[in-house]
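Shown next, in structure tokens, is the structure this report addresses.
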Amino acid sequence: MASSSRVVLFFELLACLLCPFELTQGKVKEPFTLKNLPPLQKASSYPAGCATTYDYIIVGGGTAGCPLAATLSLRYRVLLLERGGSPYGNRNVSYMENFHIGLMNMAPDSPSQAFISTDGVINARARVLGGGTCINAGFYSRASSSFIQEVGWDEDLVNKSFPWVEEKIVQWPKIAPWQAALRDGLLQAGVAPFNGYTYDHVSGTKVGGTIFDETGYRHTAADLLAAGDPDNLRVLLHASVHKIVFDSRQGRLKARAIGVQFTDENGRHHQAFLNSNKDSEIIVSAGAIGTPQLLLLSGIGPKNDLKNHNIPVVLHNKYVGKGMADNPMNSIFIPTRSPPRQSLIETVGITEEGVFIEASSGFGQSSESVHCHHGIMSAEIGQLSTIPPKQRTLEAAQKYAHNKLNLPKEVFHGGFILEKIDGPLSTGHLVLTDTDVRNNPAVTFNYFSHPQDLNRCVYGIKTIERILKTNRFSELSADGAGLSMERVLNMSVQANVNLIPKHTNDTESLEQFCKDTVITIWHYHGGCHVGKVVDQHYRVLGVSGLRVVDGSIFSRSPGTNPQATVMMMGRYMGVKILRERLGRAAGV
Ligand code: FAD
């Protein structure tokens, strides 16, 4: 196979977090009724000088923001401001088969906004109502009980909040052959016991939930808005919040957040304000990139960085944007005799060593997935990483894209097994590049800068080698005799899609392989850590009337995959806030 073919092949595989789930297992759920959804209005509909004030203004209608807004609206007047559009009627969001097309769409109104960390790893962040749940791979798995204890959550409320989400939007997958092979391979390789179908985080091998239903239709956090009170909940789309407004009058002990400034889809500026109740709050749920970015733009952060961008300092806090982490992922491509059926992540191996093993497959059957235009963030750019930076032009990318059209479909036969490490000790930071909220800040994750992370990656690759040697995987190879690790490592290096320079010893040194082929599984988190930027209740330290509820408060990503816990946290914090204000009368 030509090396460029392998690159494309790998990307097709990578983008495979792309392919449709098939049927679901067990009983089919009653469809969750969305008839109670509040109207989804464009931000331009917000009247100039609008006199309405709110108990809560939530910035970011994402994975945490939607369940939070729905819950608070049961008793209070809530304004939810989301910079992206509606997920409804957008086929790239709603259908799993279009996952990769959505992810590669570079248009300014795409639900996915690509960014490249300074490490050279291509990444993506959501820009749509429903947030990450509209562009992700759908795998649903709860945080471990030790994680819940560590963060200090009320276990009883956690155990009520997870099912609140699950009853509405989560299903069991009917396990696909590649996922069944991984299950058997994991067990034969000693990642035991088999824990069956479960949302729980338990050592061994299991099958988790999914937010895709049996037809491959995606259910998202936006659906959870239907659980709110539509009379109390105003949702504005294409509302990009660029500043939190503070009352810093002299005599105040702390600056108080009182409102926000946002821009609508036509670029017109608006303001929205809280009412005068002392408990009213702005809650930022803009995600691990968007939340630290907005705090910085609003004057909360390291004062020298703020001054560099001429941002008036509201509060000096050197920790805003610090402690950013992304769980490094490395993948091994495994060619097979016949094309495996398409599958996203369904099975996971949870090892005692803090390494998770997952897999996906099925990129050969869909003519669309081979021939579709992936845009600038596609395999073409991965191939560009193999040529000198000055030659990485758009023309070169287009040439690669054209060549891809001529690839025989046979080269897309196979699947891949990936490993990612839990709680990376390597951390980085986020800094503003400019003051335009629409632009990505510069993010650095420093993958594998901590030796323990590298050791765990090597352990993960060795675990994949053990899986590869099992009968189950030998049977899948062209001659039934199995594949050598050297061969699959070689293919995986050549097919890699990050922008990190490769080395000649990549297949001899697993450490070098890990460093050079690191990619993301999009579980980045941090930037507003508890005790540094927010308190135990996620109130921003040093100011009043401002909270953060999203993945930016985490020091480690929960569970094998975070969305379950992030949605749960939105519901959990909503109920907690209601109970704090209303006591038992909250009735939730
Ligand atoms: P988000 O869900 O991103 O919400 C932030 C919201 O704020 C967005 O809607 C954004 O548009 C909005 N926003 C940002 N800035 C502003 C602003 N200034 N003004 C107004 N609005 C703003 N997890 C899993 O568990 N399983 C998976 O299979 C999985 N696969 C993934 C695949 C991909 C491609 C990605 C990107 C993620 C994946 N994840 C997965 C991770 C998971 O989806 C995220 O960790 C989670 O969605 C983050 O939730 P959040 O609430 O912190 O942020």
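Positions of Cβ are set from backbone N, Cα and C atoms, glycine also.
Note that this is a predicted model, so its numbers are computed, not measured.
TrEMBL has this to say about the protein:
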type	residues	note
SIGNAL	1-26	signal peptide
BINDING	E82, R83, V128, V241, W522, H523, G551, P562, Q563	FAD binding site
DOMAIN	126-149	domain 'Glucose-methanol-choline oxidoreductase N-terminal'
DOMAIN	287-301	domain 'Glucose-methanol-choline oxidoreductase N-terminal'
DISULFID	C457-C514	disulfide bond
Around the Cβ of G551 (FAD binding site), the count of other Cβ atoms that are within 10 Å: 29
Among V128, C514 [recorded positions], residue with fewest other Cβ within 10 Å: C514
Structural state of W522 (FAD binding site), classified by DSSP into three states: coil
In sequence order, those recorded positions of C514, W522, G551 whose CB lies under 6 Å from ligand 1: W522, G551
Local confidence of the domain 'Glucose-methanol-choline oxidoreductase N-terminal' (287-301) - pLDDT mean: 98
Which of E82, C457, W522, Q563, the listed recorded positions, has fewest other Cβ atoms within 10 Å: W522
Residue from E82, V128, W522, G551, Q563 whose C-alpha is spatially nearest that of C457 (disulfide bond), among the binding-site residues: W522
Residues E82, R83, V128, V241, W522, H523, G551, P562, Q563 [recorded FAD binders]: greatest CA to CA distance in Å: 25
V128 (FAD binding site): secondary structure state under DSSP, collapsed to three categories: strand
Conformational class of E82 (FAD binding site) under the three-state DSSP mapping: coil
Separation of alpha carbons, Q563 (FAD binding site) and C514 (disulfide bond) (Å): 25
